[in-house]
Amino acid sequence: MQTAEMRCKLPVSALAERCDPRMFSFHTTKELTDRTQGMIGQERAVKAMEMGLDIQEENYHMFLTGASGLGKTTYARRKAKEAAEKRPAPADWIYTYSFEDPRRPKVISLPAGMAVPFAKDIKELIEDLQEEIATTLRSKSFERKKVAMAEKHEKAINEHWEKLEEEASVKGFALEKTEEDIVAVPLKEDGEPHSDESYNELSKSRQDYIMEESQTITRQVNDFLRQKQVAKRVLRRQLREADEQMVQTSIQGFIATLKDEYINESLHNFLSDMEKDIIQHWQEFLPVKETQEGRPPVSTFSFRRYEINILVDNSDTSAAPVVYESHPTYVNLFGKVEIGRNGGSPTDFSHIRGGALHRANGGFLILHAAELMSHPFAWKALKRAMRMGYIRLETPYEDSDIFASTYLEPEPVPFQAKVLLVGTNALYQKLQKEDETFRKLFKVKVDFTTMMERTKENIWQYATFLACFCENKRLRPLASEAVARLIDYSTREAGHQRKLSIKFHEVTSLLIEADYWAAQEQSAIIEQAHVHAALKETNYRSAQPEAAIHESIEDGTINIATSGEKVGQINALVVAHTGDYSFGYPTRVTARTYAGSGGIVNIDRESQLTGAFHTKGLHTLTSYLQAEFASDRPLPLAASITFEQSYHLVDGDSASSTELYALLSSLAEVPLRQDIAVTGAVNQFGDVQAIGEVNEKIEGFYYVCKKQGLTKTQGVIIPTQNAKHLMLRNEIRRAVEAGDFHIWAVNTVKEGMEILMSEHAGEVGENGFYASNTVYGNVQQRLMEMAEKHQE
């Protein structure tokens, strides 16, 4: 009958899945002519992507989920561009001055490509009108017309004055103009003004007559002066109306021409309003006259009011836009209204600047979800724009009236675009759970996986992808052996012999470095050796922490035995992560058992050095021991267990089987082999269960054994379920093939016990007891002795 050690030992062929380069019909990837750009192994995501892009109903926006490095953003941009090419170019958008309310600029939609020529035509129009108005108003015929109007007015005034003088003369008065007034002066018969003496000599009746007539004439003079002022105002109005009529006549042809050229109701309204404003401010179109001090007169008028602020120009595109915004702040998404540095300087419509939403209008907007969430105001505003269907440009302090007079309230721009968010599945789940608006808006989930089946077809697709990448990045072509090595690397990254990782950035980064090493050797192609060199150097750059641990083990600082036997002591395997690099190494687990009822005390837990999952594994051990050895009575056990020389947080249950072996060894007083390391979780029934990062753990123990000296008995016990995850390095495979190292895959704790203790674990008899010459028999006997002592 085979022992567990022989039965559970894995052959070399089970330790890795190797790609045979002979499966390829090419010598180098340069011979591959297929340059497909499809997403390899992402059939589910591709199908969802196609549907999401095709549906044009509201609220069918998309969220692309999956791990980083899968090419989600690149794929989204490419597929969105393909969909955009099937749609026409969207409208141009412009802002114009509001002649009714300058604080509320008007937005106008124009056919694609119309904004730029219209803005140019308006600029040229204003330049032409400045010359035209000045020329027209200074024409000799118009000057003569205005002179005639003024002369007619002056003649009417003079005739009225002469009549008034004549009437006064008949009554014996003369009208004399002073600096301040016009005075009626009484005259003597000889026509000379009365002196005080001559006036006093007049009779009382004559004096009364002069006084009465003087008052009458004064009233008439005052009426004349009032009528003169009215006449002046009338003349000024008539001259102004003449100017305005002349201006209107001179510009209406220009305006009419533009209206005929641009058939757009909103533009026509703008042109009509502009025409009225030009007529109202025609004097501003005349050449500037200098003041007496030699400076031009101060004016608040600005010709900028007639300019066109182009918000979106689609003149250079024939399809819908695809906009990718890598830094989605509020300003980058929605634009801004530029203001003075002090925050209170006046601004106008020409200072409005568009954002990514304006550029993406009518097309597709691609954003990174995590980046967007880091700008809460931008995220809220985006959801509001998507929900309401317009882009409202908000300004700082808009809820305060402190600077209300300096800020604009531009008309909102209608918004219709499909938004694609790229993020992790965790973030998607969080938003689904907590954000009702998100659920209503983002109805299409595009879920990208990190691996695909390792089939012949997919391997060929992978080779094609590598060929495309080399060509696009201008790298050397790959030899078929190099492609095979990269396929194996991808399988190891996937952590499964029948899978391929499609986190392409990991493979392409390695490929770029392999090209570097090929260049160092002046090789025309990337050989398998260059891929090995790149992988070796990549690991070397990040392996400083691993080297430090190995050095501590080698010099005895960290006590790890790889030979001999010891009761209650076993080598567990852990994995350390340093960001871009992971490595495994052994650590000692020790257990002590005593008579009592305190249960199993985890020293690391009591020191707050374990996590919840490790605690769960410890409770599982207690349950297993109770059911296996004391199902009908309390477990009479006090025990302590710890990871020796471990001062970092321990979590996970991958060492629970290891801890159980140490406890059983202590109870049975049977030593455990120190040349074997163990990894594996255990359930309440004693079944060994799969763990993660099995390759790193095995390799970590192998390198320690190699440093201390290979004995041909050393090896690692793993769960049987992890056999399919093995993608061990060539050095370990060669060591196993030479019999210098071994890998055992077990299904149960009992199988592991037999390998570790070289004794039969035992089977329970009909009487409920294990045979005394077995490990479990020894454990049962020890527990019974503990129970008796505890009762005493």
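Quick reminder: no glycine exception, Cβ is built from N, Cα and C everywhere.
Look at TrEMBL and you will find 225-252 tagged as coiled coil. Counting residues 6+ beyond its ends, the coiled coil (225-252) has Cβ neighbours under 8 Å at 129, 132-133, 136-137, 142, 145-146, 149-150, 153, 156-157, 160, 182, 275, 278-280, 282 in the same chain.
In this model, the domain 'Lon proteolytic' (564-759) carries an average pLDDT of 85. The domain 'Lon proteolytic' annotation in TrEMBL covers 564-759.
Annotation source TrEMBL lists active site at Ser654 (among others). Less than 8 angstroms from the CB of Ser654 (active site) sit Leu573, Thr679, Gly680, Ala681, Ile691, Gly692, each of them six or more residues away in the same chain.
Sequence annotations record features per position, and here TrEMBL assigns active site to Lys697 (among others). Just so you know, the Cβ of Lys697 (active site) picks up 27 other Cβ atoms within 10 Å once every protein chain is counted.
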